[in-house]
């Protein structure tokens, strides 16, 4: 196919009702919930670049898993968690150190490529790991996502306020006895999980637009942390679901449309806000 | 140590790695006082505040705050750290920020109660920012953000309020209103206040005493003794005069130029700390 064909597909309803679409919609729901909540904390902690890097640190795990014949999510999760614990143990300040993070990010991406070249099946999967393939998510993966979301909500119910305090006002929180080291490790570990479940949807390269961008948009719209998290989840969900519908109507990769919508929402909010405050 | 003492140092020392920041600190700060921690850059002013909060361990000696070892009474201490640029892009509203001072340390699910909101409102009214409750921190000026931070520290009814450079980067009017809030807290609520400051002038009307970090040793003195040209000159390492205006206001001011026959002390604080040791006859000898 040499020409780009954006023509409307009249059979789009058939595509939408296919079984793989049901999985994609369910995945979208679980991803949006986790990404919306954790995106807020990531921005509050000034750790967006560290979160972005985690996806790339997971890349060699993902391609390595294909090489060994174990599930991609397992390898991805193990590497992301390992990276998260190292960054977390080094403290919040370190996660702001962009040079160290960027260097590790580049190295991990290179290592991911190396693993991918070692086997032909990993090479084939490279594209979907980098850019996502939400339409191929399996029922087993959905169950994994649901379990992760349940664990996330239970954990957050316990540490919500101390985590929030340490994210927004670390010095005062520390003086008031919040265990900031523990909060930092907990945050990074949860982030590794969020990255692991979001990568199948949009891939390691585009994950910023799915996890961080909706939270940034929500931050413009709401001043209370809880409201911002709810709005971020709704925006993330809208991007994914609307992206799926549009990609059924017009033949374009879902990842592209999802990321485009998320970016568009952010650009509109940012633009309107700039006009208002001028 | 008397009961009315809020903070008591006994032969306290702090080091970072091999470097002694200060040592032989033996003095006490009375309850209900307004004190400044003064000294040139790098003499350990913020370090002293961190030690009082129990966030930095002492290398020697003891440090008692509100009757208990440093760090164990922090729930009765309001702490306002030096404000950093990170506040500037914060989307949090003033009210949300103040509420964190009340709810931020609690694990588990807790809805914010009406009583807590009322408490936050009271603290904001005290610092004069109640009308800014719904504004985001990013929309407020540095002076107003400083008052939000003070309200956050106040909301848990502290007995002692500690502020690290509360007047830095504020314009004159904001400095004055911050000092006004501190004076009101001290006079109306009897709160003990401690401030890290490098410029004393704005604070002079409300200060009752000062901890000055000199030659690697902290000392405490009542205000009348601190306001001595020779001491301040030694303290800041540059010629300083104390000027009293006809109205009775006092100012600390650098002299126009350095006298020729005087050599400046160019030793760094930690070098001087090793050179000598003051013997303190008694903790409360100067009161």
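Any Cβ shown, glycine's included, is placed from N, Cα and C.
Annotation comment: TrEMBL describes A:20-43 (among others) as transmembrane segment.
Sequence annotations record features per position, and here TrEMBL assigns transmembrane segment to A:64-87 (among others). Long-range Cβ contacts of the transmembrane segment (A:64-87) within its own chain (Cβ-Cβ under 8 Å, at least 6 residues beyond either end) map to 50, 53-55, 57-58, 94-95, 101, 104, 108, 112, 115-116, 118-119, 121-122, 125, 129, 141, 144, 185, 188-189, 191-193, 195-197, 199-200.
Sequence annotations record features per position, and here TrEMBL assigns transmembrane segment to A:99-118 (among others).
The annotation transmembrane segment is assigned in TrEMBL to A:130-160 (among others). Within the chain, the transmembrane segment (A:130-160) has long-range Cβ neighbours (under 8 A, six or more residues past its boundaries) at 20-21, 23-24, 26-28, 30-31, 33-34, 37-38, 59, 73, 183, 186, 190, 193-194, 196-197, 199-206, 240, 244, 253-255, 258.
The list of residues near the transmembrane segment (A:185-216) in space but at least 6 beyond its ends in sequence, with Cβ under 8 angstroms from a Cβ of it, reads 27-28, 30-32, 34-36, 38-43, 45, 47-48, 50-52, 54-56, 58-59, 62, 72-73, 76-77, 80-81, 83-85, 87-89, 95, 128-134, 136-137, 141, 144-145, 148, 152, 155, 159, 163, 167, 228-229, 232-233, 235-236, 239-240, 255, 258-259, 262-263, 265-266. Feature annotation from TrEMBL assigns transmembrane segment to A:185-216 (among others).
Per TrEMBL, the feature transmembrane segment maps to A:228-250 (among others).
Per TrEMBL, transmembrane segment is recorded for A:256-275 (among others). Residues 134, 201-202, 206, 209-210, 213-214, 216-217, 220-221, 235-236, 238-240, 242-244, 246-247 of the same chain lie 6 or more positions beyond the ends of the transmembrane segment (A:256-275) yet place their CB under 8 Å from a CB of it.
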